[in-house]
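Notes follow the structure.
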Ligand SMILES: Cc1cc2nc3c(=O)[nH]c(=O)nc-3n(C[C@H](O)[C@H](O)[C@H](O)COP(=O)(O)O)c2cc1C
């Protein structure tokens, strides 16, 4: 299984299974001298952890991070940063049934077909607990980006048929409701919708939107490591993501060129600006200096309590009600996972951009 490493310069490897000893990450390539402590990581992990409301899995997990290496006297040393979260609230018995059948919509069938053997406890490596490593690493990347003036605003844009109203957008609301929606009225509507879903032992999908401010123009490596392509890869690597958009995304296909193009102009300081941002901050795979806007569509949680048809491993057609403690909606907990993957992608490409021009290299080496 060689797919657990992400990034070229700022490289992460996540490890661990849902019901194993723990989960974690090794971040290699973080420059030395970045002020970093466990609280920086924990603040990110707390946005992901379960049990925050009745609309997330009732598993009570503290998800407390331990940093094993790479930091000395509050600063990164330039060596691998290893971080672990120990699994404390496993109830593997809840999942023992999954060993004998394939959950519709989950990865049980494909893991078996690929490896011929799988850790079925809680989904093993296909469990959302794997995203803990991404979020811990994302917190490091975000700290570095913050120093460079790059900031994230990430939230839930819609849940099922309920979408936020842009005229009511209030960023202060994001951490005030269990759905992380920047619109209190939409959050109330989403609550009613989800209560109906949960009564039917069903689940819902939703959309996460991420706005990234302060990214300088010039980030992205054409032609195969374009910024939009790398972001798409990063976001699609998160379980349950079924769609990805930059800027107007699929809407652009319905527009005419004269509406879709973002016209340039010089502002009063002689800087090149755009009148609109249909492109979502990326042209030709390179950041253009305006806000980067991306969206991730998440499917409804596959493990649901309502009866579904499937097959058992011993050759029977059966009907199952999936047991265990599952999220009835994924997007509120996925907000920080999307933000982390975007932060990791940008950090990697911003480091890579440092040697795009001979002048940057000579500035660096000729500097006294
Ligand atoms: C933050 C987060 C939480 C999730 N919670 C659950 C869950 O409680 N139960 C479940 O069956 N799937 C959950 N998933 C989705 C599965 O991980 C995902 O559907 C599965 O790995 C199959 O991958 P696929 O949907 O991309 O095909 C969650 C995903 C994320 C990102």
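Backbone N, Cα and C atoms are what each Cβ position is placed from, and that goes for glycine too.
Annotated NADP(+) binding site per TrEMBL: 48, 54, in sequence order. Sequence-distant neighbours of residue 54 (NADP(+) binding site) (same chain, 6+ apart, CB under 8 A from its CB) are 178.
Residue 125 (FMN binding site) falls within a helical segment according to DSSP. For 125, 126, 127, 284, 299, 300, 301, 302, 303, 325, the entry in TrEMBL reads FMN binding site.
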Checklist line | Cα-to-Cα gap, residue 299 (FMN binding site) vs residue 48 (NADP(+) binding site), nearest whole Å | finding: 18
Check: If you count other Cβ atoms within 10 Å of each one's Cβ, which of the binding-site residues 48, 125, 299 has the most?
Finding: 48
Notebook entry, point to check: How long is the line from the C-alpha of residue 127 (FMN binding site) to the C-alpha of residue 48 (NADP(+) binding site), rounded to the nearest angstrom?
Noted result: 14
Notebook entry, point to check: Do any of the binding-site residues 54, 125, 301, 303 touch ligand 1, in the sense that the CB is under 6 Å from one of its atoms?
Noted result: 301, 303
Checklist line | Structural state of residue 54 (NADP(+) binding site), classified by DSSP into three states | finding: coil
